[in-house]
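These come from TrEMBL:
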type	residues	note
BINDING	11-18, 58-62, 121-124	GTP binding site
DOMAIN	3-171	domain 'Era-type G'
DOMAIN	194-280	domain 'KH type-2'
REGION	11-18	region 'G1'
REGION	37-41	region 'G2'
REGION	58-61	region 'G3'
REGION	121-124	region 'G4'
């Protein structure tokens, strides 16, 4: 009996959603950061075996303060993910539990008739008594079909989580050919790697006010080197100055670190050319939002 289906991963910022999906499929496809709004689109991760195909959807999360069109689109991406899913994973940790922020998620997910698993992440950081308190707090407020404590970063209980997911999935056929790990195209993946470095090195509003568009990818003539030209959009001139840095040092640092990761993934030498452009209110501009590749289609 072969089973397949979609598994939507939701939770607050910094609870480990992207780390979890990377470990679930044994490949990095989703960028990670402690900052909110790291994931802006539905990132598909695929795990296929002889008996199942899991299609994990790393969501941008639910956006209750939708100041920009970007936030509205991210919110809709998550709602679509929940609607398409066969199983929903609600990821929490101690900080999330202490802030008592789960009610908004409960109000949304209870509208969907789905199997819901509570996943308590980062158990390597807590004593058992704290883990028990977190679990008790949630099961008193909401009915979960399963509760699994895990440590995504250390792979603790990941196989147990997969076992429960398999139990809840329907019989079905494969949606993607075996061997395919993600639906992300090369341009999207490269732009996300560059954005990951911006998230790492810059703070406050700049990571949220920036996005990366791949302008060109082409081999250099008479060379094995691939030329990649990328445009970083930012909203204000003072943000551009900070992003570029003194004598271009910050932009250079971002480029060096991004190039290392891209070369490792492509297994090719690359020349990475980064440009910065001020585009006021790009987060409310449908033209640029479409260029970022945000999609509501998961198939």
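We count from 1, first residue shown onward.
Note that Cβ sites are derived from N, Cα and C of the backbone, with glycine treated the same way.
Between the binding-site residues 14, 59, the minimum number of other C-beta atoms within 10 Å of a residue's C-beta occurs at 14. Sequence-distant contacts of the region 'G4' (121-124) (same chain, six or more residues past either end, CB-CB distance under 8 Å): 15-16, 20, 91-94, 131, 149-154, 156-157. In the predicted model, residues of the region 'G3' (58-61) average a pLDDT of 76. The DSSP secondary structure for residue 11 (GTP binding site) is strand.
Burial estimate for the binding-site residues (11, 17, 123): highest at 17, by number of other CB atoms within 10 Å.
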